[in-house]
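A.B. asks: Structure incoming, see below.
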Ligand SMILES: Nc1ncnc2c1ncn2[C@@H]1O[C@H](COP(=O)(O)OP(=O)(O)OP(=O)(O)O)[C@@H](O)[C@H]1O
């Protein structure tokens, strides 16, 4: 196997086994940069002298273009170009308008330029923009396309607009196609008209004056057509127009009027609003699904999406985006950085070259294994794990073997399907002190009993990652598979454009963070520390992740695992680093893991995660790309399958960033028709940025102004409303005979459900609560119960909960909540107890913060470095979405009448069903305490203010308490519990 062959053939890395070991204090740290510099230089020169790795025989268009046209990415250049176009459009407008008045006179001036001095001609010219204006107008209008040349102006304008403002609302390709057609078609039509007017019997003066209408090109084309097909020209033009309309507007059926009752029936078909509670969409007719029978009868016109179908549309390269700031116009979500050539052409060479280049890096690394560049470089991206196997790189000579390897590939191997050269520099990898031996042995030699060192550079070979592939969003698979008659839920916003990667910061290629010295020092210390306790190690393998390095230890036979685990604190102390986590044993492996934080963390940018193939081409319903695992694998999970998520973490440890990553992931992959968020933000500032996408992605209660709920009192209503929505959805599913949302929506899309019977396309609803602790403090059971109910039942009908809290204490994360959230995430917490509360295991207190997190899904706990998305990036993303055409309003949740059916009015007359379910309990509390106060009810019954107030009102009507007395508590009218029971017995049940 190539992998193993490479491993065997690679040269033995430097052995420093015979060197005296430096004192611990110094060996613990990498040498200062100055002292290592000469050595680095030597490494560089040796690396140059080292046998050359065969280079790929082809060039990567990606990189050449990247170099030559790097300036295209420069925002200043883009702005320069953008404003050039914007002002150019203004210039053309003035020049063309002026031509309408002065063009006739200017013709002779322009024509006589070769005879007249320029200055003189300029003075003679009547165009408002002088001689040049006259010439430009002459070229485009008189010689070109006549008045149809005005269609050039929107093209130039939108090009500039797009480049400068990066706005998605207007599609340049759309404008381009429309304007070019209008220009060509209209000029030929006018050419034909002008030509016809030049018939012998036509008024020559008039036809001369109208010459400019068609322009030279239009006129000549019309002449040609006339001589070839005569009157057929008109038919041809009409045919072209119809064809254009059909293809451009994707007309599939004609909505011709029908006669008699059938017509009335079809006209009755109610437009399907964005949801059943909201106003019908302005384009509702197009979106109206009908039953199949109706559809068959109906000879209606459907204007389908203007977008090209995903299959038909070519992928767009990121380079192309830079060249033409319109890549986001295409609905095809693929953006590849690199090639302007065809997509197929771009991928193959990149992969191939990467393979060889990666091999090169690995060969170099084989000799000099310890400085490993971190993964995640944007282009090498996702890459893969340049495996730098370095068996025998051990220094000291006693002990087990030590290898550092990619955890992507458990074997310390060096198969290198890497797509691009890794960011490793030969100088970094080369160890000048070591000759390049002919062969490598993984086994410790007789004299070298120290653990052998194997280094596998993680991440550059991440098979899940697609190098520079950047698919922005997949089209709905259901939609893809559907025949054309199917209902398209995205039709209301058919021009919606998925966000592009360009909205996210490009942090470039990550730099090497973990040095050979650091790895060696940690290894030595682990071996030494364990040695002090009589634990001998057979081998150590190190896997470098973005935040921590995992040292996998195989202890000598007979060593008890629990013994190692009990030494956790001692090892941590000895390594002088926080955040040591010991995994004993690593599930599925017979090894023990010790995670040691890297001295320098690598930031995992959201862009590097989104640009991976794993995320780009995911078929998950609600994919969330959290970040990278210890093995640098991109960690993508499906919220729809989780199906809910509980998040905890002390303040400042990355919770808000984590929430933003979740929201951004979903925004990148779902259409507004497919997904709605209910955002609860008691902190008021964390999620307010998402206000801009209210009309696209947010859901709210009717008659509320803000879609993002910051007032805890309103949360209860919202939760109850979601419960109602859940119940309604279950009813719909039952009626449709479906077991889950996916089945239901598929049936609806296939028009097997009648909207007249209340059926509608059901988007996923994701409820995000940013601070549960706050809600539990103020509303207690009132929020706990609906949350638990939703968590228990809502999975099948597409309502998913993401609940975050700073305080993972048991009175916030109660048993009932915990039981219903099998998937939990913990950022760093302050105590082991908190860690246990959230994860049912320790470890979260040992995290290093800044997005370092543990994800527990059932019994598995995975350590992930959360991707980083900055507020300006979220801002740009929300702007991008928010500025596009949206629905008339947010998605409306069902209205809740009273929090639990409570209302006011005389209790005698009141329907008992309308009486608050806690009425009797509240009356007893009031009477027992002889204190008619709302806050007493709130405290004792853990109710929200609204509900407690309403209960007091009902108690007043029942005669339990007296009227409102300002700041004083109400008078209690029932003296004791006995009298109360009598009163309660008289109330209708
Ligand atoms: N994934 C990450 N990568 C790198 N840095 C991060 C990451 N997540 C958070 N940080 C850093 O930590 C800081 C605090 O993060 P964040 O605001 O998400 O904390 P928080 O847990 O939400 O705090 P609070 O609960 O007080 O709002 C960020 O400003 C950022 O500098």
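Just so you know, glycine gets a Cβ as well, placed from its N, Cα and C.
OK, TrEMBL features for this one:
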COMPBIAS  1-15  compositional bias 'Polar residues'
REGION    1-53  region 'Disordered'
COMPBIAS  24-36  compositional bias 'Low complexity'
COMPBIAS  37-46  compositional bias 'Basic and acidic residues'
TRANSMEM  79-101  transmembrane segment
TRANSMEM  140-161  transmembrane segment
TRANSMEM  173-194  transmembrane segment
TRANSMEM  228-249  transmembrane segment
REGION    265-288  region 'Disordered'
REGION    310-329  region 'Disordered'
REGION    434-460  region 'Disordered'
COMPBIAS  442-457  compositional bias 'Polar residues'
DOMAIN    631-836  domain 'FtsK'
BINDING   649, 650, 651, 652, 653, 654, 655, 656  ATP binding site
A.B. asks: Tally every other Cβ atom lying within 10 Å of the Cβ atom of residue 651 (ATP binding site).
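C.D. replies: A count of 10.
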A.B. asks: Would you please pick out, from the binding-site residues 649, 654, the one with the fewest other Cβ atoms within 10 Å of its Cβ?
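C.D. replies: If we count Cβ atoms within 10 Å for the binding-site residues 649, 654, the smallest count is at 654.
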A.B. asks: Please report, as numbers and ranges, the same-chain residues at least 6 past the borders of the transmembrane segment (228-249) whose CB is under 8 Å from any CB of it.
C.D. replies: 177-178, 181, 185, 188-189, 192, 222, 303, 306
A.B. asks: Within 8 Å of the centroid of the Cβ atoms of 649, 650, 651, 652, 653, 654, 655, 656, which other residues of that chain place their own Cβ, given that this set defines the recorded ATP site?
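C.D. replies: Close Cβ neighbours, site residues excluded: 806, 827, 828, 849.
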A.B. asks: Around ligand 1, within a Cβ distance of under 6 Å, which of the binding-site residues 650, 651, 655 show up?
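C.D. replies: The binding-site residues passing the 6 Å Cβ test are 651, 655.
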A.B. asks: Which whole-number mean pLDDT does the model give the domain 'FtsK' (631-836)?
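C.D. replies: The average pLDDT of the model in the domain 'FtsK' (631-836) works out to 90.
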A.B. asks: If you count Cβ atoms within 10 Å of the Cβ of residue 656 (ATP binding site), leaving out that atom itself, what do you get?
C.D. replies: 20
A.B. asks: Among 650, 653, the binding-site residues in question, whose Cβ has the most other Cβ atoms within 10 Å in this structure?
C.D. replies: 653
A.B. asks: Tell me the coarse DSSP state (helix, strand, coil) of residue 650 (ATP binding site).
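C.D. replies: The three-state answer is coil.
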A.B. asks: Would you count the other CB atoms within 10 A of the CB of residue 655 (ATP binding site), including those on all shown protein chains?
C.D. replies: 26
A.B. asks: Within 10 Å of the Cβ of residue 652 (ATP binding site), how many other Cβ atoms can be counted across all chains shown?
C.D. replies: 12
